[in-house]
Amino acid sequence: MTKGNIASGKTTCLEYFSKTSDIEVLTEPVSKWRNVQGCNPLGLMYQDPSRWGLTLQTYVQLTMLDRHVLPMSTPVRMMERSIYSAKYIFAENLYKSGKMPEVDFAVLSEWFEWIIKNIAIPVDLIVYLQTSPQTCYERLKQRCREEEKVIPLEYLESIHNLYEDWLIHHKSFEVPAPVLVIPADHDLKKMLHQYEENREKILMAHC
Ligand SMILES: Nc1ncnc2c1ncn2[C@@H]1O[C@H](COP(=O)(O)OP(=O)(O)O)[C@@H](O)[C@H]1O
Ligand SMILES: O=c1ccn([C@H]2C[C@H](O)[C@@H](COP(=O)(O)O)O2)c(=O)[nH]1
């Protein structure tokens with residue numbers, strides 16, 4: 001699983017590895033989060049998180065689970081984020097910042113606990129693209145996704161801190177697999193070089 005803050009470079013990383021044969025790449029289903037039967041839960045959440053946070057996170061949880069249980073068609077699968085980051089990072093952030101009501105968080109949490117107890121979600125390795133929030137803020141502005149124009153730097157700082165507490169400091173939730181940290185503030189050329197350096201570790205993680 002590839003993890004990291006918003007606009008840290010996850011999709012770019014996965015696109016790079018998708019050129020290798022025998023690797024299946026599953027990017028986040030963001031297009032679904034922007035359009036479910038003509039509605040845009042991602043946009044609604046950014047406009048009014050207290051009202052729409054549960055709606056988005058329920059749908060993220062469903063679409064992530066759908067990806068996790070897809071039968072493997074190649075020896076290696078790389079997946080962008082997971083059901084774990086949806087809960088431990090994004091739902092947690094909404095709740096902790098007072099933007100998700102307690103009852104919404106309780107319902108979402110029970111759903112999540114039921115899923116991880118009853119459905120196998122095997123993970124071999126977590127590739128964490130570690131960036132500064134400032135880098136993500138610049139890349140976010142450059143990408144210019146309409147719904148994300150309202151995101152302030154402070155939001156990226158909160159998401160960053162939750163990732164660090166979880167994957168680096170082991171202060172919050174159980175980590176479901178070993179973590180490979182790749183410093184990701186660098187330019188694209190250096191990033192591609194680092195991906196090559198880590199290729200074996202990533203591709204052999206399932207052995
Ligand atoms: N190493 C890099 N240096 C500069 N810009 C980058 C780098 N990696 C990705 N980008 C750009 O930053 C934006 C966000 O990258 P993306 O891969 O979509 O991030 P994520 O999938 O983590 O949200 C895109 O416009 C992408 O082209
Ligand atoms: O559980 C989640 C997962 C993602 N999001 C948001 C964050 C971003 O605005 C988009 C997609 O993330 P990228 O890092 O650009 O891939 O979806 C969320 O709110 N909740």
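For all residues, glycine too, the Cβ spot is worked out from N, Cα and C.
Note: TrEMBL annotation is automatic and uncurated.
DSSP assigns E80 (active site, proton acceptor) to a strand. Annotation comment: TrEMBL describes E80 as active site, proton acceptor.
Following the DSSP three-state reduction, the secondary structure of I6 (ATP binding site) is coil. Taken from TrEMBL, the feature ATP binding site covers G4, N5, I6, A7, S8, G9, K10, T11, T12, R139, L140, K141, Q142, R143.
Among the features that TrEMBL reports, domain 'Deoxynucleoside kinase' is placed at 3-203. For the domain 'Deoxynucleoside kinase' (3-203), the model gives a mean pLDDT of 97.
I6 (ATP binding site) and E80 (active site, proton acceptor) are 11 Å apart (CA-CA, integer value). Fewest other C-beta atoms within 10 angstroms, among the binding-site residues S8, T12, are seen around T12. Cβ neighbours of I6 (ATP binding site) (same chain, under 8 Å, six or more residues apart in sequence): C136, L140, E148, I151, L156, I159.
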